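Copied over from TrEMBL:
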- C:G69, C:G70, C:R91, C:N185: substrate binding site (BINDING)
- C:29-267: domain 'Aspartate/glutamate/uridylate kinase' (DOMAIN)
- C:K34: site 'Transition state stabilizer' (SITE)
- C:K248: site 'Transition state stabilizer' (SITE)
6 protein chains.
Amino acid sequence: MEEKNMAEVLEKAEVLIEALPYIQRFNRKIIVVKYGGSAMIDEELKKHVIQDVTLLKLVGFKPIIVHGGGKEISKWVEKSGMEPVFINGLRKTDEATMEIAEMVLNRVGKSLVTLVEELGVKAISISGKDGGLLKVQKKYSQGKDIGYVGEITEVDPKILYDLLEKDFLPIVCPIGLDEQFDTYNINADDAACAIAKAVQAEKLAFLTDIEGVYKDPQDKNSLISELTVNEAKELLASGNIGGGMLPKLNSCIDAIMNGVSRVHILDGRIAHCLLLEIFTNKGIGTAILGEKETKFYHE
Amino acid sequence: MEEKNMAEVLEKAEVLIEALPYIQRFNRKIIVVKYGGSAMIDEELKKHVIQDVTLLKLVGFKPIIVHGGGKEISKWVEKSGMEPVFINGLRKTDEATMEIAEMVLNRVGKSLVTLVEELGVKAISISGKDGGLLKVQKKYSQGKDIGYVGEITEVDPKILYDLLEKDFLPIVCPIGLDEQFDTYNINADDAACAIAKAVQAEKLAFLTDIEGVYKDPQDKNSLISELTVNEAKELLASGNIGGGMLPKLNSCIDAIMNGVSRVHILDGRIAHCLLLEIFTNKGIGTAILGEKETKFYHE
Amino acid sequence: MEEKNMAEVLEKAEVLIEALPYIQRFNRKIIVVKYGGSAMIDEELKKHVIQDVTLLKLVGFKPIIVHGGGKEISKWVEKSGMEPVFINGLRKTDEATMEIAEMVLNRVGKSLVTLVEELGVKAISISGKDGGLLKVQKKYSQGKDIGYVGEITEVDPKILYDLLEKDFLPIVCPIGLDEQFDTYNINADDAACAIAKAVQAEKLAFLTDIEGVYKDPQDKNSLISELTVNEAKELLASGNIGGGMLPKLNSCIDAIMNGVSRVHILDGRIAHCLLLEIFTNKGIGTAILGEKETKFYHE
Amino acid sequence: MEEKNMAEVLEKAEVLIEALPYIQRFNRKIIVVKYGGSAMIDEELKKHVIQDVTLLKLVGFKPIIVHGGGKEISKWVEKSGMEPVFINGLRKTDEATMEIAEMVLNRVGKSLVTLVEELGVKAISISGKDGGLLKVQKKYSQGKDIGYVGEITEVDPKILYDLLEKDFLPIVCPIGLDEQFDTYNINADDAACAIAKAVQAEKLAFLTDIEGVYKDPQDKNSLISELTVNEAKELLASGNIGGGMLPKLNSCIDAIMNGVSRVHILDGRIAHCLLLEIFTNKGIGTAILGEKETKFYHE
Amino acid sequence: MEEKNMAEVLEKAEVLIEALPYIQRFNRKIIVVKYGGSAMIDEELKKHVIQDVTLLKLVGFKPIIVHGGGKEISKWVEKSGMEPVFINGLRKTDEATMEIAEMVLNRVGKSLVTLVEELGVKAISISGKDGGLLKVQKKYSQGKDIGYVGEITEVDPKILYDLLEKDFLPIVCPIGLDEQFDTYNINADDAACAIAKAVQAEKLAFLTDIEGVYKDPQDKNSLISELTVNEAKELLASGNIGGGMLPKLNSCIDAIMNGVSRVHILDGRIAHCLLLEIFTNKGIGTAILGEKETKFYHE
Amino acid sequence: MEEKNMAEVLEKAEVLIEALPYIQRFNRKIIVVKYGGSAMIDEELKKHVIQDVTLLKLVGFKPIIVHGGGKEISKWVEKSGMEPVFINGLRKTDEATMEIAEMVLNRVGKSLVTLVEELGVKAISISGKDGGLLKVQKKYSQGKDIGYVGEITEVDPKILYDLLEKDFLPIVCPIGLDEQFDTYNINADDAACAIAKAVQAEKLAFLTDIEGVYKDPQDKNSLISELTVNEAKELLASGNIGGGMLPKLNSCIDAIMNGVSRVHILDGRIAHCLLLEIFTNKGIGTAILGEKETKFYHE
């Protein structure tokens, strides 16, 4: 082998060896990945996310994907001659819209199954109806009835444990049943968070369309790599956090307070952001961690 | 208790006791139920079918439901501004149609899950993509390319065994992947038959919109209750069988020749036809059985 | 099928469906049946009891039968040239009598095994000696030594769990050993109650020769269908309960206070009383239930 | 410790060490012990047999006891005012006699359970009815109907495997059911032999009232310690074997030909004959062994 | 068989029967044997110890051997041209000495494996490095650095449970790693004691070169057979204990206070001392027992 | 993150993704690594080999290390005042030498355990004595007795399966016992080959001090990346192979003919050669593969 070639090849080995402590650390731990945003639309990014999650599975982690339906739902609502309506950022979900949402979300799940199985790993897509996974109640938006939008009241993780035990990669779409067994749509971030808490996940990773959390949203140089749950609370109290980040940061804090060790807000627009976050010492995005966790990424 | 009351109550007990030998005989045996036709459209019949299958599950059987999408697919094809096309009785399935079919079928599966769980039993709906259950190749209709219509080349039943072991009621929609991981629609009868063979089911039951097999289709009094696989072959050879019954009877014979003990063609328009067939000595429809099976129903 | 026939057949299906919620509710729960009285003497009733218990087994319950020896013991005592002696309602049990009692009780157990196995279910009859199930001490009747009559000091339920796990229907006769490993006869009601407590049975059912508990024993119309454990205590306190019912009601209360969810005093003279009690909403006899249990039979 | 004491104590250790290779050789192997004759009547010998079998259990063997009822049956037949009748050495067993035999045999089983449990080991006594262990058909004595005397047509050893797995010492009395579920008495030697074959026992040991097999029954010095199955056949062919030994030797050969490695005819009148046979190199009685087995006892 | 012979043989049986209650009592219990001293040097005694431990294994106990290296280490230190140095009775262990000690100890372990396997039992020898069994820190001798001599800070018994579950006889040499993964020698008595505590052994037996504990070391007739942990503490307080016995007695008390039921100081110079201690009622040496244990040996 | 940084980081991700198909392909497969030569002497290379094997373990492979003692044995032979003697390339192994070899090899094994455990993975080092792993007979060198040099006659892989099941990384040194339980040294290549065959390893990798197999040993450009077993046989027949490669190539062919899928002769002097061979498409050294295996590395 030529010398140049050899050097290049050696570098590869070192990347693999660099991953060793992370593989060892997270072996057989559950990682819930909220999959959405650009990473779900761009075909190339999509492929990368699936490769990342499949690799995690193969090296001994136990990933669970929770996905939304992205722009597909609106597309089909329109195709059916209706018009999407949003109230305070939440989709008004009448019966016809719910029907479409359920069809679209389940099909998205199956398309992810296809991609995983192309890589030789067994997957299964379910909704929160299967095995009674997600129980919900109607969610009101500032007092207004916005239809079949649910908030989770109970998670029964048995089906997830069963599927993980049988070595499947579970892919979950955020639909649940209420006590009358009516079908409800659920915010995918909320579903990912509730599931991560129910299975006491080691990690919860949100694939988003932002770079991470900024100390000062005006200053692009103020991206925070790591912050403890207490620092996150202070940040919230500072009033500097706004827009879509506010509920997300609240979710992160909620997850940490309820047994999840580490939550990651990743920039899903970066290829292999998930892998890089977990396997290298260059963090991508922002990590929120429990008080007892030690900062060890991103130095 | 009043005497009249008492007599009525006793009769109830006797019905339960009458079921005893059937429960004992089929305990822990797999029953594949092809669910379609009227029983899928009429809300009352639907409820009855689900009650029947759930009861089978609870008393120790291992049912697997395989369902079609019925008229829902055409409804949504039209809603999306397209027109359903059939060639030799098979739906021409271009990419857009396949997309709709997949959405509809998965949603039908989830609606069946909902009904089963209302009765307190855990169900899970999957498609042939999950766990690599159904592998297909393109099916040509008399040499014509009719799009994403597949015929099954391989069944990997592991996912079904896993779900049964974990005590779920599996509900399967007939969609599969080919070697290029493209999505294909599959005839639900074929899928039910292939699955029954792969899991060596004790029984395969088709819920249909006919009364059963007639010796002479012109003579409504010539309904056959039970026939052996050889008698079925003779009947086919006689040329008296036609229309939709021909492929179905061929499926039945195929199933029996490949390890399924008994195939039932049931009249799905009769409430609780499934339960009555299995638990009483009054048969509903026609049973085809292996040469070594003894006729014991329907005397 | 003729219409009349059809209607009749449909009714059958509905009886089975009516059983669904009860099967679901009691699935894999242990039911201890104290079997004695007329139901043990009348051959027709005997057959019905065995059918009932076997059906319970087959549909997923875990029944345990505890039986007495009824009139057989006295018959054999006389046959052997001795005379049965009773002191305060308890059989004076000298060594010779104990020998006969043990022989008779074990044979009764085996005859029940035979009946169960005729229905295709595996059974096993044991006594309290096997696996060290029942430990006793001598019981005195108002200070009098009445021989080998024991009261239970300890139940080691391991043998029952082992047999249930291996899918047998256990049939127990009420004989135990004291610390010197001498053989003692035990009251069958007491044995059933002690076993039900030890295995934390869902239900304990006494097959008796009475209709149930009366509010006023003089008034045949005052039969009580359901009463809570507190109501039962009040009834006892009222002084209205007498005769054989007094110790039985005390046993019921004891069982409920120690973890059994529901105790039934059934009229064993009614065919299939056990089945009717469990699978229909027409209660037979009287049910005593814990404070937290909701009355749902017998409305 | 004094020197004399020490020497004595050392000898003890050597006895234990001498047992080492036998324990190692037979570890987790099944030994069927046919228990009958004097060893069942003499209280001291009885105690010794039970100690022996219990020790075998504790050091890792899996013993199964098969016992007869000895003189107890005749005693109770007489006590009940009947007279025991024997035809060609087989007890004429009418219904009344069968009833008594069943009672007596089961009680004998329970008394053995008691003795084993006194030594701290869990035992369970069953009959061939339990778990469908022994299926029989009527046996005719030289063409004559002698009542409920059965010969074994089928052994279902599942119950024995279940009990051994759960660490019980199974004690079996030789009663079985025919196809009509009628109760039959079985010769205990035959039952032991059939069970040994069904569980592919390593050893089958008969406790008898003779010293063993003689080359020449007239010559008390011609006792044979070990003979191969072929030598046993030759001995039979020689015509020198007679009386009760003939069927026993036939049973031994039958057992060896069907998978039992070694059959022992032991002199049950010698205390601890079972232990001595297995744990020392001084054989007691006669061993019959398969052609491939090497003689290693008794040199 | 001759009468004299018979009597002798019977005596053997009685020795085996005498062992019965001890086998029953200690069945499946863990016994840690500290093996050292003369019993390790004399080839005949060595063979006896291995026979004893193997017999314990075969009759259902779970023995673990912890051994030292005896005079072998010094021999090899000298052979390598160095001189053994002892400071306050502890071997000064520089790097070269540690290297030799590790080589010698592991080879001793393998030689014990060989002896056990000659008897037909599977053994495995490990050091405290394997599976992270023993974690240590540097031990100072009265403030002095004496090199790689460690004291145990943590025991991870998983490897021992794994090996016992897989039916191996584990043989451990007292070497461990510190936090920097440097190799340390450990006192074998300390290692045995730490392991016994970590696995909550039923018994811990020290094979020593003394007869046991004396009430008065000057008086050879004052050997104590059994003393409770409180009596042992009093003895220590009395100041009568000295020399090598002092740390050993402290270890015994420590073990008892931390969950070991019984500790034995045995005279390893007596053949089969281990077996005699456990299986006969003549105790060898001194037993220290918890307050709740009843004295039952040595009467 | 800066752009340059980003690019570099992305490259890392791609290296990990590149490993995906190999991880998937070899998941849960056994890989036997013969560890020796320079890779065992150079401290840096040693660290790399251990990192590689540990990574293989963590990502789901089941590696087993078989190691020699390298120059350590000779060093200690000399230190003890003896002189190493080699006959036809085999070490003359008298009793004293064998003693040293055993000490050295076991210590080497423990030092590898230490290195693996530093990386957070549980290891255990054994010799062929433990669990009766390797049985040998004396090996003669061209008819000459060269002492305790053994050739393997039997491998009992149970201990390896047990340790793999319990998630240990087994490290084996090539020492075995003959039928008289004498200790023998074994050639490490032979031991690795015999073990690979016994466990039906997916891969057997030899770490050597050569680049691989040359078509023409004179021509350094004729290194062969992959050759089928038949091509390997032809190469042998060509007479072009000589020196130390000849027995090694014979071993490779033997392994392939007996169920090992692929054998690798790797250049142990290249850092991470093991990892590179398995995880990248740049092969290091030469692979010999079964006829049915497809060449897929090294294009």
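Quick reminder: no glycine exception, Cβ is built from N, Cα and C everywhere.
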Quick check: in three-state DSSP terms, what is C:G70 (substrate binding site)? coil
Compute the mean position of the Cβ atoms of C:G69, C:G70, C:R91, C:N185, which form the recorded substrate site, and then list in sequence order the other residues of that chain whose Cβ is within 8 Å of it. C:G68, C:E72, C:I73, C:S74, C:A101, C:V104, C:L105, C:A188
Do you know offhand how many angstrom separate C:G70 (substrate binding site) and C:K34 (site 'Transition state stabilizer') by C-alpha? 12
In this predicted model, what is the average pLDDT of the domain 'Aspartate/glutamate/uridylate kinase' (C:29-267)? 93
Spatial neighbour of C:K34 (site 'Transition state stabilizer') that is closest, considering only the binding-site residues C:G69, C:R91, C:N185 and their CA atoms: C:G69
Between the two most separated Cα atoms in C:G69, C:G70, C:R91, C:N185, the residues recorded as binding substrate, what distance in Å do you get? 13
C:N185 (substrate binding site): tally of other CB atoms within 10 A of its CB: 28
Note: among recorded positions C:K34, C:R91, least Cβ-dense neighbourhood at 10 Å is C:R91
Suppose we draw a 10 Å sphere around the Cβ of C:K248 (site 'Transition state stabilizer'). How many other Cβ atoms does it contain, all chains included? 20
For C:G69 (substrate binding site), the number of other Cβ atoms found within 10 Å of its own Cβ: 26
Calculate the distance in Å between the alpha carbons (Cα) of C:N185 (substrate binding site) and C:K248 (site 'Transition state stabilizer'), and round it to a whole number. 18
Test of understanding: give the count of other CB atoms lying within 10 angstroms of the CB of C:G70 (substrate binding site). 19
Roughly how many angstrom lie between the C-alpha atoms of C:K248 (site 'Transition state stabilizer') and C:G69 (substrate binding site)? 18
